[in-house]
Each structure stands twice: as structure tokens, then as C-alpha cells.
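Chemist: TrEMBL lists 273 with the feature active site, nucleophile. Feature annotation from TrEMBL assigns active site to 338. Look at TrEMBL and you will find 29-64 tagged as domain 'EF-hand'. Summarising the annotation, TrEMBL assigns transmembrane segment to 245-263, 269-288, 300-322, 334-353, 365-391.
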């Protein structure tokens with residue numbers, strides 16, 4: 001076992017996106033991961049393996065690796081002109097540890113990759129072509145796309161966005177039957193009596209800051225949100241995982257309802273637009289920031305269509321907000337949730353999407369934007385506790 005490569009985990013994938021200048025690589029303790037390999041290839045405990053020994057190892061065991069993983073390892077071997085590589089980077093790669101040091105180590109090697117692009121590979125099955133399509137839709141770097149293509153197993157599937165969508169549709173159909181109305185349900189006099197939507201008089205019921213996403217103004221409102229959730233949210237979840245995408249989505253939902261409670265204090269709020277706009281805004285911003293690297297087809301046209309759809313939905317929400325209410329003196333639902341979602345998307349969302357398989361805790365901007373978000377949430381909580389009474393605001397009666 002002395003010089004044998006450990007079996008890579010099926011779901012592991014390294015952080016190989018090179019996006020900044022190379023920096024000094026930290027040497028970490030690795031004996032808990034590969035104790036015998038450390039002893040054989042780094043006998044002097046220097047923290048490095050000679051490139052010659054590393055290449056010898058790849059020649060003997062390269063057939064056991066996915067071809068794109070072997071390509072990344074060869075790029076790592078070429079990343080240092082001094083003839084040695086950081087042993088800890090090798091350990092991180094094979095043991096599913098996400099580290100910035102690996103990304104920096106492979107910066108130069110990444111430029112030497114000369115094999116054909118993933119898009120040029122032929123003889124792929126339908127599922128393989130789908131995975132390749134998702135990779136090109138969401139990832140701006142070829143080496144990341146190849147790694148995702150080799151690593152994705154559809155286990156678990158993108159369950160979060162699909163589940164949220166099914167639940168939203170189910171609640172809408174239920175309300176449609178109860179109210180006997182599917183178009184502009186929000187105009188029904190009994191609409192506000194639902195226990196899920198956010199209402200300023202019932203803001204002490206904390207669940208309403210989340211559950212309002214299961215109520216929609218009508219089929220036109222639900223339809224656009226569902227389409228965007230599925231077309232944008234599902235591919236993003238396939239690449240970045242349910243934990244990260246659900247965080248962006250829920251953060252956008254909470255920011256949306258809190259934004260309404262601060263900036264449009266007399267209005268209720270319904271719909272999943274806060275979460276949807278967080279995801280779509282993050283995705284569009286990521287495309288713009290990595291324009292040359294994104295290889296999705298017709299990206300300019302598709303961005304224009306997405307922006308038109310979002311603008312149409314936002315315009316509908318603004319019109320509805322100032323349209324004469326069906327249940328005066330309470331106005332129709334607010335549009336501020338859309339803006340709260342956008343702010344989450346272009347801050348926290350962008351950081352998450354730009355750092356494929358990177359530890360977010362290593363990103364300075366992540367902590368900055370997370371701190372701003374937490375401060376906003378705390379401010380909004382205190383605002384809801386004290387501002388309504390201090391401003392002596394006249395709120396609509398509870399439904």
C-alpha cells in the first residue's frame with residue numbers, strides 16, 4: 001500500500017477553479033489521511049513530493065482514475081517549476097477536502113491543459129449529455145465542468161427545488177378550489193384569512209415570514225415563479241447542492257418579508273418571488289462576471305429574456321400593489337420582497353455560485369456579506385418590535 005493511490009470518493013471533487021494570483025501554499029498535517037504515503041513519498045517530512053515520484057505514481061495507478069481527474073492531477077504536477085508539489089494539496093484532492101490552496105496550486109497547471117473540451121466529446125448517453133449541458137449552463141471554467149461531469153451521480157437528486165415547487169402548486173390548487181378562483185386569487189375578499197401569508201397585524205407570528213411563499217396572487221404569479229424555479233434553480237442545485245441553493249433561496253425569502261415589514265409597513269406579502277429573485281439574480285450576475293468563460297448557448301438572448309420576465313413580474317406586482325384593494329383599508333400585497341431577494345442574490349448568492357466546491361469560510365467576501373445580512377435581519381427584528389408603536393402607524397385591521 002506504500003505507493004498506492006487511495007480510492008477517490010465517488011462524490012468528491014476538488015476546488016480547481018483558478019480565479020486569482022497564486023499564493024504561498026500552506027502545508028497542513030496529512031498523516032491522518034495517508035500516513036504510509038506520507039512516509040514513502042515525503043520521508044524528510046518537508047511537506048512536498050517530488051514531481052518525478054508523483055508522475056511515477058500516476059503512471060502506475062492512473063488507469064484507476066477518471067480521465068478528467070487524471071488530467072487535474074497532471075496539471076497539479078506541472079504547477080510548480082521547482083520540481084515538487086505540495087503533499088497536502090494531493091491529500092486534499094483525494095480525500096474530498098475543499099481548500100483554496102489547491103486552487104492556487106493548480107493555477108499555472110490549469111493553463112497547460114490541452115485536451116479537448118468536454119463539449120467536443122462524442123458517444124454520450126442522454127443522461128451524460130444532460131449533465132454536460134448543466135455543467136455548461138452553470139460553470140464558467142472548463143476544468144470545473146469536467147470535474148463536475150465525472151463526479152455527478154444524481155444522488156441525491158435536486159430534491160429541494162422540486163419539493164418547494166410541488167408544495168407551492170399544491171397550496172395554490174387548494175386555495176383555488178376553496179376560493180373558487182384561480183386568476184387573481186388575491187382579489188378575493190377572503191384571501192387574507194389564510195394562516196400562511198404575511199400580514200402586518202400578525203407579524204408576531206414568526207412562521208409567516210417564511211410560509212407566505214406558499215400563497216400566490218394568481219396563476220399568472222405562480223406560473224412565472226415556478227418556471228424560473230425549475231429552469232434556474234434545479235440546474236444550480238444539481239451543481240452546487242441542496243444545502244447551498246436552499247440557503248440562498250430561504251435567505252431571499254426571509255429578506256423579502258423583512259424588507260416589506262421595514263419599507264412597506266402596511267402591506268401584506270405573498271409569493272415565492274423573494275427566493276426566486278435571489279437565485280436568478282445570483283445566476284445572472286455570475287454569468288456577467290464570468291462572461292468569457294460561460295459557454296451556454298445564446299447567453300445574451302437568454303439573459304435578455306430572463307430580465308424581461310423578471311421585469312414583467314415586478315411590474316405586475318407594482319401595479320397590483322397600487323390597484324384599488326379588494327379588502328380596504330388593507331392594500332394589496334407588496335412588491336418589496338422582489339427587491340429583498342435581488343439584494344441577497346447579488347451578494348450572498350454570487351459568492352456561493354462563484355465558489356464551486358470551495359469552502360465558503362475561506363472567502364473574505366462571504367463573511368462580509370453574511371455579516372451585513374445578519375445585521376439587516378437583527379435590525380428588521382428590532383424594527384418590527386419597536387418602530388410600529390413609536391411611529392404610531394395606523395395598520396389595517398387583522399383579517
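Just so you know, glycine gets a Cβ as well, placed from its N, Cα and C.
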Chemist: Any idea which of the active-site residues 273, 338 has the thinnest Cβ neighbourhood at 10 Å?
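Modeler: Across 273, 338, these active-site residues, the one with fewest Cβ atoms within 10 Å is 338.
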Chemist: Average the per-residue pLDDT over the domain 'EF-hand' (29-64) and send me the rounded value.
Modeler: 59
Chemist: Cβ pairs under 8 Å with the transmembrane segment (245-263): which stretch of 269-288, 300-322, 334-353 has the most?
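Modeler: Out of the listed stretches, 334-353 contacts the transmembrane segment (245-263) most.
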Chemist: Could you give the Cα-Cα distance between the residue listed as 'active site, nucleophile' and residue 338 (active site), in whole Å?
Modeler: 6
